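Participant: Handing you this structure, nothing more for now.
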């Protein structure tokens, strides 16, 4: 009987470690919402960026016409001058994901300098996950953000991406509408089942 109880405790520890790992995952932000990464978005990318709060492990999803545009991660100076000659990172597949792997500022411009000069550029400030909650910021009375939680508790639940330019969905897998507990609810159910199996 002691061996079974030790195994159950070990299994519970492994599950809790797995739950802790999933909580560290971030959100997927659709850059530009329904418009995607375009030269003349319906909402300025600067405004879009300021309405959101980005944290380490979040992902930016750039959707654009493959072969007609691209996304370049650049320095702040290159961002300010729309200089496309020395990018830090170049994305060109038309459906690009960029992981925000550390806190600080990131700068993105179109691979077409003329598009950048028209406003197709994005600056993102990434906050540390340790000291800040993960919720959208609103600087103006705009429509409620449409988003979904990946696995950490945070902003209120939403629905699938719509016309709102503040759309966020889980990074992996198809979008589904979570309950008010987000994805922590299933983790709690597993934990309760595991604890009850000990008795």
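Cβ atoms here come from the backbone N, Cα and C positions, even for glycine.
Remember, it's a predicted structure, so these values are computed and weren't measured experimentally.
According to Swiss-Prot, the record shows the following:
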- 82-116: disulfide bond (DISULFID)
- 27-128: domain 'Phytocyanin' (DOMAIN)
- 57: N-linked glycosylation site (CARBOHYD)
- 83: N-linked glycosylation site (CARBOHYD)
- 179: GPI-anchor amidated asparagine (LIPID)
- 130-180: region 'Disordered' (REGION)
- 1-23: signal peptide (SIGNAL)
Participant: Tell me, what is the mean pLDDT of the domain 'Phytocyanin' (27-128)?
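Facilitator: The predicted confidence over the domain 'Phytocyanin' (27-128), as a mean pLDDT, is 96.
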Participant: Write down the Cα-Cα distance for residue 116 (disulfide bond) and residue 57 (N-linked glycosylation site), rounded and given in Å.
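Facilitator: Rounded to a whole number, the Cα-Cα distance is 26 Å.
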Participant: Which of 57, 83 (the glycosylation sites) has the most other Cβ atoms within 10 Å?
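Facilitator: Comparing the glycosylation sites 57, 83, the most crowded Cβ belongs to 57.
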Participant: To which of the disulfide-bonded residues 82, 116 does the lowest count of other Cβ atoms within 10 Å belong?
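Facilitator: Lowest Cβ count within 10 Å among the disulfide-bonded residues (82, 116) is 82.
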Participant: Please work out the helix, strand and coil residue numbers for the domain 'Phytocyanin' (27-128) from the DSSP assignment.
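Facilitator: Residue counts for the domain 'Phytocyanin' (27-128) by secondary structure: 17 helix, 39 strand, 46 coil.
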